[in-house]
Amino acid sequence: KIFERCELARTLKNLGLAGYKGVSLANWVCLAKWESNYNTRATNYNPGSKSTDYGIFQINSRYWCNDGKTPRAVNACHISCSALLQDDITQAVACAKRVVSDPNGIRAWVAWRAHCENRDVSQYVRNCGV
């Protein structure tokens, strides 16, 4: 599923991400824009670590989910990576909450550091009624 910007903002708010661990809703929408272009089915393989990033938040199989093929995988979210590709993003959001609970917080995501950090992210929720 490819979310429309405001549809995603409303969904993330309903799933409790607004202000979670101090991260604003606009920052989460910015993250999703630059990681997956709002696409729940997005996958990207990382040859160096032989790991894959999954879903709207591009959550990595080395640490967070199990895809059955990543060496030394940790599976800290206790989830199948395929669950992160569903149209229903409830499980992806739950895992993102686990990721952002680590000391690195939202900085765990390279795309957030590159495109959202220290920027005006208000545009990502503008006119969304959230």
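Glycine residues also receive a Cβ, built from the backbone N, Cα and C atoms like all the rest.
As the structure is a computational prediction, the values presented were derived from the model and not from experiment.
Per Swiss-Prot, the feature active site maps to E35 (among others). Reduced to three states, the DSSP call for E35 (active site) is helix. Residues near E35 (active site) in space but far in sequence (CB under 8 A, at least 6 apart, same chain), listed by position: A42, D53, I56, F57, Q58, W109, A111, W112.
If you look up Swiss-Prot, you'll see D53 (among others) marked as active site, on the strength of sequence analysis.
Look at C128 (disulfide bond): DSSP puts it in coil. Around C128 (disulfide bond), taking its Cβ as the centre, 17 other Cβ atoms fall within 10 Å, counting all chains. Annotation source Swiss-Prot lists disulfide bond at C6-C128 (among others).
Residues or ranges marked as disulfide bond by Swiss-Prot on the basis of sequence analysis: C30-C116 (among others). Long-range Cβ contacts of C30 (disulfide bond) within its own chain (separation 6+, distance under 8 Å): W112, H115, C116, R119, V121, Y124.
Annotation comment: Swiss-Prot describes C65-C81 (among others) as disulfide bond. Of all Cβ atoms in the shown protein chains, 29 besides its own fall within 10 Å of the Cβ of C65 (disulfide bond).
Of all Cβ atoms in the protein chains displayed, 24 besides its own lie within 10 Å of the Cβ of C95 (disulfide bond). A helical conformation is recorded for C95 (disulfide bond) in the three-state DSSP classification. Per Swiss-Prot, the feature disulfide bond maps to C77-C95 (among others); the stated evidence is sequence analysis.
Per Swiss-Prot, the feature domain 'C-type lysozyme' maps to 1-130; the stated evidence is sequence analysis.
Spatially close to C81 (disulfide bond) yet at least six residues away along the chain are T52, Y54, I59, S61, C65, N66, D67, judged by Cβ distances under 8 angstroms.
Counting only the Cα atoms, the space from C6 (disulfide bond) to C95 (disulfide bond) is about 21 angstrom. Straight-line distance linking the Cα atoms of C128 (disulfide bond) and C95 (disulfide bond), rounded to a whole number, equals 24 Å.
Each of the disulfide-bonded residues C6, C77, C116 was scored by the other Cβ atoms within 10 Å of its Cβ; the lowest score goes to C6. DSSP gives C6 (disulfide bond) a helix state.
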